Amino acid sequence: MPETEHETCSKEWLQSQLRSLDSKDLILLDCRGSHEYSESHIRGAVNLCIPSIVLRRLAVGKIDLASTIKSPELKQRIQSGYKLCWFILYNGEGVPGQNQEIAGAGSLAVAMDSIISILHRRLKQDGCRVVALQDGFNNFRQAFPEWCEDDNQTHSKEIESSRNVQTDQLMGLRSLRISTTQSDSACSSSAESSDCESSSHHHHHHSHHNYNEAPVEIIPGLLFLGNATHSCDSEALKKYNIKYVLNVTPDLPNKFKESGDIKYLQIPITDHYSQDLAIHFPDAIQFIEEARSASSVVLVHCLAGVSRSVTVTLAYLMHTRGLSLNDAFAMVRDRKPDVSPNFHFMQQLLSFESQLRLRPGSRFSCSCIAPDCNCMQTTGFMATHLANATGVSPDSGIEFDRWTPSDTGLK
């Protein structure tokens, strides 16, 4: 076993450890993209495909590694043996340098903006035992293919896992603000819902009081973001010519539905870990497009107007304007600084972004702000997606305090 001051391990050492009785003390983190991981990975490894906006928080110590783990079993392993287990980090091609001594924080012999370097530095700072696979996955697979799982094996395991509780994916975020300060009546009626938008709503009410006084116009003449109060404010709805209301809650009433003056779409989603908001993206996008075609305005709201409604708005911007998740988030936050999406909804958006990139003709180039621009047309991809809507179930409803898009080039 490598000494604690060593940064890297060889493929031979890793294979010997996988064969040993102590393999349960190894935690393998695959730092490649999710697509590469799904094709093949080292047996027992979990994929750590972290959005750059989250990676930065991990780098500066605002969240810990356990906070990004979705699997309860793996999270328990990390928490109980954080400084006892060996963390093995690997990418596709490997890292340069052999067994270099760590002279101080940030001395890992890989690019400083890589996931591996950030993880290595952070784990070392926490006193953990961590090495990077010098040879990389590609060389390891060539030497020891029997210790790798291919796409079919992974897919079979995912199907089996989905029959029970979906706990085999990475990317869960534990609460950074777990206590709620509003009454229970303000939260979702779901007994299992953590629905911490109520906590966030209270927090931002004090920190950014003016953000909640009126719905916020995200796309001029088309889309406003708001909260429960705004959805019941008839004067505000009239003032902004809002004729469509997208209600992203399971239990808030559609107050003016019976009048017939406003068209509603309700997406019954809480912030609980079991919720799949992505599966509703097609309907939500179609509803907003309908409002645009009718030269009307839509209000997208949830309880606090900072998480679920923001997620839907981001999906719309990504699909119709071809924005990346980072760019869409920056655009929305520039107009509404108190946005605070649920971590797992952000992960669903990351998957949605990947879907958009994989479909020819699904990406756009939009620099305008007009709601009737030609670049906001539904494509063939959307038609297919509407017919076969799928999504990734999240595993947390705990509110994330603040998202910050990357400006350092971290990917």
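Note that the numbers count up from 1, one per residue, in the order the chain is shown.
From the backbone N, Cα and C atoms, a Cβ is placed for every residue, glycine too.
Annotation comment: Swiss-Prot describes Cys302 as active site, phosphocysteine intermediate. Under the three-state DSSP scheme, Cys302 (active site, phosphocysteine intermediate) falls in the coil class.
According to Swiss-Prot, the compositional bias 'Low complexity' annotation covers 184-197.
Positions annotated as domain 'Rhodanese' by Swiss-Prot, on the basis of sequence analysis: 22-149.
Residues or ranges marked as domain 'Tyrosine-protein phosphatase' in Swiss-Prot: 214-358. For the domain 'Tyrosine-protein phosphatase' (214-358), the model's average pLDDT works out to 93.
Annotation source Swiss-Prot lists region 'Disordered' at 184-209.
Using a 10 Å Cβ-Cβ cutoff, Cys302 (active site, phosphocysteine intermediate) registers 30 neighbours. Mapped onto DSSP helix, strand and coil, the domain 'Tyrosine-protein phosphatase' (214-358) counts 70 helix, 23 strand, 52 coil.
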